[in-house]
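First the structure, in the form of C-alpha cells, and then the observations on it.
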Amino acid sequence: MAFSHAPSGWRTALLAGLIATVAWLPAIVAQEKTQADYFIHDLPGAPKPLLKMHAGHIEVDAEHNGNLFFWHYQNRHIADRQRTVLWLNGGPGCSSMDGAMMEIGPYRVREGGKLEYNNGSWDEFANLLFVDQPVGTGFSYVNTDSYLTELDQMAAHMVIFLEKWFALFPEYENDDLYIAGESYAGQHIPYIARAILDRNKKNQAKSPWPLKGLLIGNGWMSPVDQYLSYIPFAYQNGLMRSGTDMAKRVEEQQRICVQKLEAGGMDAVDTRDCEQIMVRILQETKNENADPMNQCLNMYDIRLRDDSSCGMNWPPDLAQVTPYLRRADVVQALHINTDKKTGWQECNGAVSSHFRAKNSKPSVKFLPEVIEQVPVLLFSGDKDFICNHVGTEAMIQNLQWNGGKGFEASPGVQNAKQDWMFEGEAAGTWQEARNLTYVVFYNSSHMVPFDYPRRTRDMLDRFMGVNIEAIGGAPADSLIDGEKGPLTSVGDHPNSTKAEEDKSKELKAAEWKAYTRSGEVALVIAVIVACICGFLLCRSRRAKSAYKGDDSDEGRESLLTGMGLDNFRRKERRQDVEAADFDERELDEVPKKSGKGYGQISSEKGRVPHNDSSFSLGVDSDDDEAGSSDRGRRKEESR
C-alpha cells in the first residue's frame, strides 16, 4: 500500500483545499481586472496618433449575467478642471455607439472602415464615457429571460456600473460629471441623476460624485405634451392643413388619445392610442405613387423623404457603422466578452419590448426636483417630428420649478429668447431661467450633433463653463444676443502646461493605487498557495520519517482520479447568455426594401415589420421575443 490510512485523510483534505484555491483564482483574477485589461492598443481604421481609449464590459448583475459595455475616450486638452460626459442614447434599447460613431465622438466611420476625426467632437475638454444600456443593448448582454422592465431598475444598474467603473479608473471619480443624451434618454437621464443624488446623500462613507449638469436633446420626457404637439407641429410646418379630411381623421385619433389620458393615462410613460397620432399623420402624408425611396416622411427630419419605413434607414452613416462594429478585429480591439453571442445592432427589439415601464412615472413628474439641485440644458433640432420642439416647449411652459413657472422672470413676464450666431450664421435661440437652459437649433434633425457637431460643442462648453482665456487658443466665433460671453474654442489649440502637469501627477497616483490594489490581491493568493504547499511538504516529511511504504505512482494516480481532478480541469460551465451565435456579418450596403407596406423593414438591419395599427418610434430587432403585434408599438425615439 502506497499510503497508510492515517495520512490519507489529511492529504486528501489538503489536496482538496489546494484544488479549491486554484479553482478560486480565475474568479479573483476576473473580478480584479485592471485598466490594462481595457486599454485599446489599436483601433482598425483609426488615424494616427491613436487617442487614449478604454473599452469592455463591467458586470452589474452576476445572477443573470448582466454586463454593460462602455467605451471611454480621454480628453485631448485640460481647461481649468477635469470634466467627464456620460452619453446615453435612447430606445429603450438603442446603442450609445450611435453617439460615439455618428454624433459627439472623436471618430466618424467612412467607406471601407476608415475612421476620420470628427470636427467638433466633445472630447476636447471632456472625457467621454459611452455606455450601452439597459443590459442587452448594443454590445451589452444579459440572459435572455432577464431583460429589464422599469426605469428604476435601469438607474440602479447604472449606479452599480459607475461604482465599479470609478474603482477601476479612480482618477476620474472627482471629475465634474455631466450626463448627456437624446430621445428616450429623456427618461433615462433624470432617473439616473436622481439615483446619483440619492446615493450621494445616503452613502456618507463613499466619495460623492460631483454631478454638475444634464444635457438632453429632443428628449422624450413629458409624453402628454409630446402627444398633443404632433398636430400643431404638422400645421406649423405645412405637413397638413386644418379643415381638410386628412386633418379631421388625425384630429379624431387625438380625441381618442385624450380620452385614454383622462381615463388614467396621464402618468404613463407611453400610451398606445396616443402614439397613433403621429402614425396617422405619417400614413396620411404617404405618397404610394412616388418613387419607392420617397414615399414617406422621415419622422426624424421632415426635410427628408424615405421609403415605407418613414426614417428607419436614417442617418446614412449607419450603413458604415453597422458593418464596422461587426468586424472581428474591431470586436477584439474593444475587448468584447465571448459571452456576447450576437453581433452589434443599433437597436435591440427584445430590450425594447420588455422595457414597458408600466410601474414607472414619466421623468417630467420629478424633473423640477432635479433642476433644483443640478443645472439642466434641453436642446431641440427644429426639424425633428417624433420628439419635436413644440412638445418640449409646451412641457417647459407648463412646468413649475425653483419658484416660478416656465421661463418667466417674474409673474407674467417671460425671459426673452436670445439669438445665437455661430461662425457668422444664425444657429438658433438660447433661453435661460432658474437653472434651466433651452436651446433650439435651426435646420436640425432628431440627432443634432450629427448635423452640427461644432455648434453642439460650443453649446456644451458654454454650459460647462469652459473658458480658454487662461490657456490660449483662438476663440470660436459664437455670439449670444450679440455678446461673446466666456471664450470657447472648437478646434485644435494649445493646452495649459500647469494644468496638464498637475493632472499628470494625479493620474499617476490614481493608477499606482489601482495597480497596487491588484498586486495586493495577487500577493494574498500567492501566500495562501505557498502556505498550503509548505504544510503539505512538512507533513509529508514527517510521515516519511515515521513510515516507509511503496514509493510507486500508483497510489497518487488513484487518489487524483478518485477526486475527479481530471474531470475538474475539463469541466466547463455554460449559461444561456444570448440565444444566438455570434454574427460577424459585414453589411456592404443598406438592404433593399420590399416596399410591401407601411413600416416594412428589412430584418437584415435587425428591425422588424410594423403594421398600420402600431408604429415604433425607433427600431426593433429580430431578437424581439414578443408577439409581432407588440413589436411595433415601442417608443424607440431611436437614436
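Yeah, the Cβs are placed from backbone N, Cα and C, and that goes for glycine too.
Note that the coordinates shown come from a computational prediction; the quantities given were computed from them, not determined experimentally.
Annotated compositional bias 'Basic and acidic residues' per Swiss-Prot: 628-639, in sequence order. Per Swiss-Prot, the feature N-linked glycosylation site maps to Asn119, Asn435, Asn443, Asn495. For 1-30, the entry in Swiss-Prot reads signal peptide, with the evidence type sequence analysis. Annotated topological domain 'Lumenal' per Swiss-Prot: 31-517, in sequence order. The topological domain 'Cytoplasmic' annotation in Swiss-Prot covers 539-639. According to Swiss-Prot, the feature transmembrane segment maps to 518-538, an assignment based on sequence analysis.
Separation of the C-alpha atoms of Asn119 (N-linked glycosylation site) and Asn435 (N-linked glycosylation site): 29 Å, rounded to the nearest whole number.
For Asn119 (N-linked glycosylation site), the count of additional Cβ atoms within 10 Å of its Cβ stands at 11 [all protein chains shown]. The local packing around Asn443 (N-linked glycosylation site), expressed as other Cβ atoms within 10 Å of its Cβ over all shown chains, amounts to 15. When pLDDT values are averaged over the topological domain 'Lumenal' (31-517), the model yields 92. In the three-state DSSP scheme, Asn443 (N-linked glycosylation site) falls into the coil class. Asn119 (N-linked glycosylation site) falls outside any helix or strand according to DSSP and counts as coil. Here the C-alpha separation of Asn435 (N-linked glycosylation site) and Asn443 (N-linked glycosylation site) works out to 26 Å.
Using a 10 Å radius centred on the Cβ of Asn435 (N-linked glycosylation site) and all shown protein chains, the other Cβ atoms total 17. According to DSSP, Asn435 (N-linked glycosylation site) is assigned to coil rather than to any helix or strand.
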